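Q: Sharing a structure with you now.
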Amino acid sequence: MASSPGAPRAPAVQAPPPPEARTSERGSVSAGRGRVDSRAGHLSFCTKVCYGIGGIPNQVASSATAFYLQLFLLDVAQIPAAQVSLVLFGGKVSGAAADPVAGFFINRSRRTGSGRLMPWVLGCTPFITTAYFLLWFLPPFTSLRGLWYTTFYSLFQALATFFQVPYAALTMLLTPCPRERDSATAYRMTMEMAGTLIGAAVHGLIVSGAHGPHRCEDAALPGPVAVSPDATRLYSIASAVVAVTYPVCSSLLCLGVKERPGSSVPASGPGPSFLAGLVLTVRHPPYLKLVISFLFISAAIQVEQSYLVLFCTHASRLHDHVQGVVLTILVSAVLSTPLWEWVLQRFGKKTSAFGICVMVPFAILLAAVPTAPVAYVVAFVSGMSISVSLLLPWSMLPEVVDDFQLQHQHGPGLETIFYSSYVFFSKLSGAGALGISTLSLGFAGYEAGACKQAEQVVVTLKVLIGAVPTCMILTGLCILMVSPTPKVPSQNSRRLSLQRRTSYTLA
């Protein structure tokens, strides 16, 4: 019966929908909310590019120092090999010690108007720019040059860590969408690879004129050659070009990337302290064996990189090919990364580990037959081995963490301790390997700045470029092969592995 227009209407009573309809409604609402969240967490192309640009400076500087710092200290700064070993050891130890310290302070910092992590990146920029430039500056005094370079290399390594830790952890604060985080990380890794190539190429091209054979044409007697003003000028120009990437890239990062206010709130309660968590992690056998094996492997790679330029300069007639050999290594490493990703998925991680030892016979061949064709072949193969040696630990660590979590029930924080402690031990092993190997040059009679080195120095360089990396790589692979393979509990570890790799230092 129809009611009159002026009479108040009674609320209509509707029958409750059937369970199927309610389920469908909930599903549509959830799907709609998922679409909204996905749109809200979307990162623009500009944001991803600006985030990736932020990773360029450290890679540019690290690539330049890895290949050319030792040569600069010995032949341009002309400080004794024993002091060079202290410079390299002190700098690497400083970077290693700064990693957990950076995670401790950054995790306890308060949010500001520009975010919680961005102020650390911007605050480090002027100091790391200055430290890097002064690292390649030739002071007028000679007696305290060792102390000068130890100070600024230690400062640079520590500041680079305080720059990299918040930058890497920034991925977690960009968006709540895991797919967008992975996409931003892909942009970051691509830019970092480009930075590695740019650092070695630009620095090497600028300073190539400082180490040519022409500098010894007027040296009639053996012994140190006076440092050419052109050499110091070229290194100053190269350091200025690399240093300026820090303010430029940091400014683009700040302008194009914004932290999300609610993304930095922890999802659960506090976990154990760093020291307590470190004790727990090192007692986990799969992690301990993984760390020990890659300590040997990463140290071998660092020794190979550091002494390749010295070997080409003083133990062979490859002065004109230094730049080409270095670029061949880096290009090979970048281009072979997708291949090793496929090999990892197709044949497994332990099978892929044998790719590291591919460089062993070629490194020995280069020490025995130091010719240009052999050098380029060795550089290409070494780049492939370096690529898989850098890729493997970050692919195996998530499985080790999942295996640990299956056996232990602890609060949050241990995952980051696994990653930060691995970086700490890797830097420490590199410090020891480079310090001891450079000290061996001093024992062999290396004369800083000399055009022609003694035969004992040439033999030592051949050992450092061939026998030492070979023994360390084989030792690391033997330890890795005998270690048990952790069980992967679910597909989540594969999905979260990239996320862990971007936030390992924020504990």
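Placement of Cβ uses the backbone N, Cα and C atoms for every residue, glycine included.
Automatic prediction, not curation, is the source of TrEMBL annotations.
Relevant sequence annotations retrieved from TrEMBL are reproduced here:
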- 1-13: compositional bias 'Low complexity' (COMPBIAS)
- 1-35: region 'Disordered' (REGION)
- 117-138: transmembrane segment (TRANSMEM)
- 150-174: transmembrane segment (TRANSMEM)
- 194-214: transmembrane segment (TRANSMEM)
- 234-255: transmembrane segment (TRANSMEM)
- 290-310: transmembrane segment (TRANSMEM)
- 322-340: transmembrane segment (TRANSMEM)
- 352-369: transmembrane segment (TRANSMEM)
- 417-446: transmembrane segment (TRANSMEM)
- 458-482: transmembrane segment (TRANSMEM)
Q: Look over the recorded stretches 117-138, 150-174, 194-214, 234-255, 290-310 and say which has the most C-beta pairs under 8 A to the transmembrane segment (352-369).
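A: If we count Cβ pairs closer than 8 Å to the transmembrane segment (352-369), 290-310 scores highest.
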Q: Between the transmembrane segment (458-482) and the transmembrane segment (322-340), do 3 or more CB pairs sit under 8 angstroms, pairs being 6 or more residues apart?
A: no
Q: Determine which residues of the chain contact the transmembrane segment (290-310) at the Cβ level, with the cut-off under 8 Å and only residues 6 or more beyond its ends counted.
A: 66-68, 70-71, 74, 88, 282, 322, 325-326, 329, 356, 359, 363, 379, 382, 385-386, 389-390, 392-393, 396-397, 400, 421-422, 425-426, 429-430, 432-434, 437, 461, 464-465, 468-470, 472-473, 475-477, 479-480, 483
Q: Any residues 6+ beyond the ends of the transmembrane segment (458-482) with a Cβ under 8 Å from its own?
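A: Those are 289-290, 292-297, 299-301, 303-304, 307-308, 310-311, 314-315, 350, 353-354, 356-357, 359-360, 363-364, 366-368, 433, 437, 440-441, 444, 446, in sequence order.
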Q: In the same chain, who gets a Cβ under 8 Å from the transmembrane segment (117-138) while lying at least 6 residues past its ends?
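A: Sequence-distant neighbours of the transmembrane segment (117-138): 54, 61, 65, 69, 72, 76-77, 106, 109, 149, 152-153, 155-156, 159-160, 162-163, 165-167, 169-170, 173, 227, 232, 235-236, 238-240, 242-244, 246-247, 250, 253-254, 257, 259, 264.
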